[in-house]
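Worksheet: one structure, shown below.
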Amino acid sequence: MGRRAKHKQGAPAPYVDAADKPSAKKLGKRKAEDEGTRNVKKMKAGASEGKSLSKGSGKGKENAGKAKGGEKGSQSVKTKRKEVEEEEEEDEDEDVEMAAGGSSEGWEDVEEGVSLKVAAKSLFHGSDDDEGVVGDLDDLEIDEDVDELDDDLLRGPVQELEFDSDEDEDPAPAPVRLKGKKSKQQERPAKIIPTLSDASSSSSDEEEDDEDEDGPITMANMEKRSRAIDAKVVRDTELDLEEMQAAVKDGEEDGDDFDGEEDEEGEGEEGEGGFSLPTAEEREEEKKAGGPQVHAVQRRMRECVRVLENFRKLGAKGRSRSEYVSQLVSDIASYYGYNDFLAEKLFQLFPVSEAIEFFEANEIPRPVTIRTNTLRTRRRDLAQSLINRGVNLEPIGKWTNVGLQVFESSVPIGATPEYLAGHYMLQAASSFLPVIALHPQPGERVLDMASAPGGKTTHMAALMENTGVVFANDANKARTKSLTANVHRLGCKNVVVCSYDGREFPKVMGGFDRVLLDAPCSGTGVISKDASVKTNKSDRDFTLLSHLQKQLILCAIDSVTPDSKTGGYLVYSTCSVTVDENEAVVDYALRKRPNVKLVDTGLEFGRPGYTSYRGKTFDPKVALTRRFYPHVHNMDGFFVAKFKVEKRSKQLQKKDEEAEGGVAGEVEGEVGGTSFAFDSDEDRPYLQESKRKSMKAKGLHVRPRTQSKPTLPAPSIATAVEASA
Ligand SMILES: C[S@@+](CC[C@H](N)C(=O)[O-])C[C@H]1O[C@@H](n2cnc3c(N)ncnc32)[C@H](O)[C@@H]1O
């Protein structure tokens, strides 16, 4: 609850409306195209006309005018939200529940499971630096499985949740009728981004495809239509990229930067174009008066984006860039419902206007997708069966041969006979990625170190054709129940479920050909499913999570046998977009384990990982990692890195053991005598800083710092471009 999608942004407009109202910016560049090809941004423009703050609207005066016209409301953002909430409650409650991953049921188990907490606590204490740790996992809200939809949708149909509540002729789980209010999924036909190879192979099919645009999807035309749609989305995406690069270039030419460090003053006139940045006093007054009005916030955000994109020309004299940034971040936080800390953290990841697109995309649910279980059926057979039941679906894209995107359904997609028979898994498209990257082979010995509820485990079992063995581990015993249930339902016979803290590997067991570490994380990539992330994450959570992830990744590396004849790989993934949980962890692993190297993920799309970020420089090979974003790829925010583990030279091994000193001895593993202790020296300043903050928050006396604060400076323009390449 408390999501802007619910309170401020109307349901995405149906196709036709959306076509009539593309964003101002895009209108100039693109002809109105087949609505089926519209990506998330285009839809958004039409869907939230007058409300959306997407890139186009950020620049379009037209929209600014509309927002101005709507300024008559006298309520604050919060009051306004509350009112809208009441109005919409009946219609949308179920919808939001679903979008949030419907996770309430799946998550209740998590609370019950104490094993993780106990184990984690003891392990933290066992580590080198537990004095510096001011909390443990008890205090952490780790994202555990919001990228998996299986548990949620098992208990309720996708479309049914979105239909009029008075359609009670078809109670769940019986099929619901398609008449009446359209589901959001119907209104939101955006495709998940395909690969460029899709585009090139499909051009000849496109015209034909247009002809049967309105006809039913059949097995015969399904692939073809999908390819054509994919191709158009690719074109859109390329245009978006061009636009973004042009915007960045403009900024460069104008001396604009994204690092926020060079806090120069603007040259423009204060009040130019009817907008003037509030002073500190005005902001204070606004706060006292109960916060800004919703339309005023919208307008101010647009104006700030516009100014920041061309600061030298548009920034008011005497006002600094950081004042605009600070105003914008504060408005983003109140408008989208984030705490200030997280709003700023996420804002810093992108160039200004792209940041708004990211926040906007978090308000829109991602497409519903399913993964064919090839142990039980073939995708074309599954698609046919579901089409016969009234499900409107298409293959996700060329990059997966098992995924289907569900657009609408007259039956509960989580309770069809095919679902119950294990023919498919309800699974976010992003969740396919780490398994594709790991590429497990038949006959191998594989470890899924943090596996519940088993979306990726069962995918791996299928790729291995039920041969070899997958050890599916999860520290949370309660969660292994749903994991076991999925393993059974999908007919995986090569899976062994176990429950250890991942940091106990390879002591428990080692010598794996491949390891997947789909790490516990903050979930900043799945905010559209779990809006609680917006407010429940603090600086300290990220410090603790990053620390845990670094410990886990070293254990995962040491669990891989470099002697593997077929493998020797580790894939590290998270459903988070923060650098601390991704590139920083990967870079740490590279430094601590010289016997591993990053290799290409084999994924055909995704942005390269940051090699430098806010003053921190990572190994250049970190560019081989891949980032996925809701606003770019129309899938959950995700991160994937693939490592090849090689033999350690005796010298290196000795050196490492010496460097790790006594700590290595504490938890020495079984595999090849390799040490796998976590060396947390480099985290110590961060942990200490976190402790300071926590003490301050409690009103305790804090001694002055002995060393400088471990903060990272803002990103340079080069970094921003690099990240968006
Ligand atoms: C992102 S979820 C995994 C989702 C899973 N890979 C899938 O595809 O269904 C992260 C999981 O890590 C588990 N976890 C948290 N801390 C852990 C630890 N120290 N060792 C092992 N598992 C842990 C959580 O219980 C949670 O199930």
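Backbone N, Cα and C atoms are what each Cβ position is placed from, and that goes for glycine too.
Since this is a predicted model, take the numbers as computed values, not measurements.
The annotation region 'Disordered' is assigned in TrEMBL to 1-295 (among others).
What TrEMBL records for 45-56 is compositional bias 'Low complexity'.
Annotated compositional bias 'Basic and acidic residues' per TrEMBL: 59-71 (among others), in sequence order.
The compositional bias 'Basic and acidic residues' annotation in TrEMBL covers 222-238 (among others).
The domain 'SAM-dependent MTase RsmB/NOP-type' annotation in TrEMBL covers 358-646.
Same-chain residues at least 6 positions away in sequence with a Cβ under 8 Å from that of Lys456 (S-adenosyl-L-methionine binding site) are, in sequence order, Ser431, Pro434, Val435, Asp448, Leu516, Asp518. The S-adenosyl-L-methionine binding site annotation in TrEMBL covers Ala450, Ser451, Ala452, Pro453, Gly454, Gly455, Lys456, Asp474, Asp501, Asp518.
Marked as region 'Disordered' by TrEMBL: 652-725 (among others).
The feature compositional bias 'Basic and acidic residues' is assigned by TrEMBL to 683-692 (among others).
In this view, the densest Cβ surroundings among the binding-site residues Ala450, Ala452 belong to Ala452, judged by other Cβ atoms lying within 10 Å. Local packing around the binding-site residues Gly454, Asp501 was summarised as the count of other Cβ atoms within 10 Å of each Cβ; on this measure the leading residue is Gly454.
The record assigns Ala450, Ser451, Ala452, Pro453, Gly454, Gly455, Lys456, Asp474, Asp501, Asp518 to the S-adenosyl-L-methionine binding site, and the maximum Cα to Cα distance across that set is 19 Å. When secondary structure is read from DSSP and collapsed to three states, Ala452 (S-adenosyl-L-methionine binding site) falls in the coil class.
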